[in-house]
Amino acid sequence: MSIEVRNLSKRFGQFRALNDVSLHIETGELVALLGPSGCGKTTLLRIIAGLESADNGSVLFAGEDATSVDVRQRQVGFVFQHYALFKHMTVFENVAFGLRVKHRSQRPSEDQIQRKVHDLLGLVQLDWLADRYPAQLSGGQRQRIALARALAVEPRVLLLDEPFGALDAKVRKELRRWLRRLHDELNVASVFVTHDQEEALEVADRVVLMNAGRIEQVGTPREVWEGPATPFVYGFLGDVNQLQGVASRGVWEGAGLSLPAPELAQAENQRATAYVRPHEFLYTPAAQEIIAKNYYRPIDKTVAAKYESKFPKVKLVTIDDKIFGGWRKAQKDHFSDGGTFDQIYQPQKK
């Protein structure tokens, strides 16, 4: 079932959370709402779910207006960041909960509930944990159980609010790949909120970039990465170098460069900024030689040694030691303004 929002606006006091937002999501599509904190992505998700009402605009499911439909009637599966499992219920009882609280006229028989819950636990590959309690599960297992519970009521759409935000990095990566595979089996319209750029680009069919209550760009991961529509999108999706210059009659000049800019063919001495990602630079042989052999002159200031656990033995540097820093060769094409790079320190032997 498709989801469509038209001209949604929402204020909380003087704060404008959403400003004339419109979006269409097809059945079977997995869409990421991506943006910084306070951009409106969670508010948009909650309005789609019926947990929040908009000041203006409408929400449509499969072309039918659902704006005024109660949350209990929308048939939406919702997964929260912090699982929201019932601590006093077993895994089986948590997944069965939505089925057992249905109105008597819609409630399945106990045999049907048993079969459905075991099928769902098998789907999320945790049927062997049916008799455990949430406190006995890992964070990743709890999140998969929360997803099984959301699917138990056969939702028309699936909404996930930062579903992996409370998990450690390794588990988060494993679960998001698992979610992608699972979603392909379900064929429902799914929307998930995240502030993790890598997560959105890896998992989603399309990415919706949001900022200050507005949609900045909608596109496939490749489209938003290779063709950012605004400076915000460029900056939010990764490191970028900003080169200030002037555009005139389809040519941009700045930073000692002259580049064709056909989209600015009508410009006359207009200030313009060129955006270049670090990996897009090509270095001449002379520049590569400079990068490979660039060293700092000796310094005589106090420095501190910072090291990883894989280097258990580190010699502390004293004031009289001379320090030389150089870039690793593998990093020579990953420079960006304000970024960081590894350095090799070698105290001069006395």
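Glycine too: its Cβ is placed from the backbone N, Cα and C atoms.
What Swiss-Prot annotates here:
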DOMAIN    3-237  domain 'ABC transporter'
BINDING   G35, P36, S37, G38, C39, G40, K41, T42  ATP binding site
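Shown on the structure are the features that Swiss-Prot records.
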residue: G35; record: ATP binding site; Cβ neighbours (10 Å): 29
residue: P36; record: ATP binding site; Cβ neighbours (10 Å): 12
residue: S37; record: ATP binding site; Cβ neighbours (10 Å): 7
residue: G38; record: ATP binding site; Cβ neighbours (10 Å): 14
residue: C39; record: ATP binding site; Cβ neighbours (10 Å): 25
residue: G40; record: ATP binding site; Cβ neighbours (10 Å): 23
residue: K41; record: ATP binding site; Cβ neighbours (10 Å): 29
residue: T42; record: ATP binding site; Cβ neighbours (10 Å): 21
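One way to see the shell of the ATP site is to take the Cβ centroid of G35, P36, S37, G38, C39, G40, K41, T42; the remaining same-chain residues with a Cβ within 8 Å of it are H195, M210, N211. Mapped onto three states, the DSSP output places T42 (ATP binding site) in helix.
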